[in-house]
Amino acid sequence: MHLVVFLVTILHCILFLSVHSSFAQQNIVTDKEALISFKSKLDSVESQTYLSSWNNQNSSPCNWTGVSCNGFGQRVISINLSGFGIEGTISPHIANLSFLRTIDLGNNKLRGEIPSQIGNLFHLRVLNLSVNSLEGVIPFNISKLSKLQTLDLMSNKMTGQIPQEIGRLSKLEVLKLRQNAFWGEIPRSLSNLSSLTDLDLGTNSLTGNIPGELGKLRNLEVLDVTINGLTGTVPPEIYNLSSLVKLAVASNLLYGEIPYNVGVKLPNLLTFNYCFNNFTGRIPGSLHNLTNIQVIRMAHNLLVGTVPPGLGNLPFLQMYNIGFNKIHNPPDDGLSFITSLANSTRLNFLAVDGNAFKGVIPESIGNLSKVLSNLYIGKNRIHGEIPSTIGLLSSLTLLDLNDNSVSGKIPEAISHLQELQSLGLARNRLSGIIPNSLGNLKKLNKIDLSGNEMVGQIPISFQNYQSLLSLDLSNNKLNGSIPKEVSKSP
């Protein structure tokens, strides 16, 4: 009897090992079949060429382009075809790759919908389908991906509401849904994603308020809801997220005062973008105490008061945009805040246009960053002459001094701005002749000198322009005819 039991036990062990071995072999075979099915849904010659190594011969899929397997080569755990330019739809058979941890199909030409079967990939940690042409809604059963850490669907054509079910993805760290056509409200369930560090919902059609519940996301570093239809105020709970590095709410219908101590409450900010809303109050002076900040944008709001001190404390500042508000400078102070920006050696974008600044442009403007490319000072109450030191800003591609009371001659020094593409000096009180040396700026494509008191003739040197798109010299005191050489310029 003992011998019989022993033999039966041995038989069971042999049978188990045989089945287990067969199962392992079937798994890798099934993975290969799933990959072949995925390839079959790609319908361009280029796609087939890129994946020429994906064939049904004896080669292991672990050696195929963009495919990775686990240590034993028994299962496919990653597909990375980012930037391959592949076209077609995503085969639902991708769900048969049950050991997948990473799917990266970003920056391709995929279309159609995300197959709902993708919710069966229980081991998935990264799902990147960004920069494609995918349509439809986010599958509701995506909530089954309990190990998912990154969900990136940016830059597609997806629509529908953001599923409440996403709030069940407790391991999620990155959620990027930017530049789609999602509508409805921001789900309050997102506040359950306690590991979330990056939340980007920008450039959609979202409405309603910014949920105060998002203030529970204590690890959040990026909050971007720009270019939507959000209303109401920024909840005070958001200003308690001291881990924030980027806070961007631009281009919505938000209102209310920006807390003056926002820089104290959010000490790690590198990017602060509140443009194109209806915010009131003053420029928060505490932002000028954030010595590492790189971007400050508050243009097109209803801000009042003066520019707070402290701009000289921002060595890493790259963009400062407070244009189109109701900001002014103190009496007899001139534009001294521009002088203080000389310490920001990385500044490449400065916009203070559309406000109520008075005074003359300081000579010290030439001390601004040598990488400054865009300078907007138009639509203010600036008078006096253009200082010749402006010619030291050798990287300028755009200079806007339109709609002021600037007088005197156009300085020859402007001809030193060899990178200049757009020159706006319209509707001022400039006089004298148009410098012939402006013709040396061969990259200029837009010139507006209209509404001044310029005299003389149009310089023949304007024939040097290689890419001129717009030339406005109207409402001056110019005489003579337009030189044939100028009218023939490209």
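Glycine too: its Cβ is placed from the backbone N, Cα and C atoms.
Just so you know, TrEMBL annotations are computer predictions that nobody has curated.
Taken from TrEMBL, the feature signal peptide covers 1-24.
Here the domain 'Leucine-rich repeat-containing N-terminal plant-type' (30-70) returns a mean pLDDT of 88 for the predicted model. The feature domain 'Leucine-rich repeat-containing N-terminal plant-type' is assigned by TrEMBL to 30-70.
Under the heading domain 'Disease resistance R13L4/SHOC-2-like LRR', TrEMBL lists 86-228.
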For this session: Mind checking which residues of the chain, 6+ beyond the ends of the domain 'Leucine-rich repeat-containing N-terminal plant-type' (30-70), have their Cβ under 8 Å from one of its Cβ atoms?
Result: 76-81, 84-91, 93-97, 99, 102, 109
For this session: May I have the DSSP-based helix, strand and coil counts for the residues of the domain 'Disease resistance R13L4/SHOC-2-like LRR' (86-228)?
Result: 30 helix, 39 strand, 74 coil
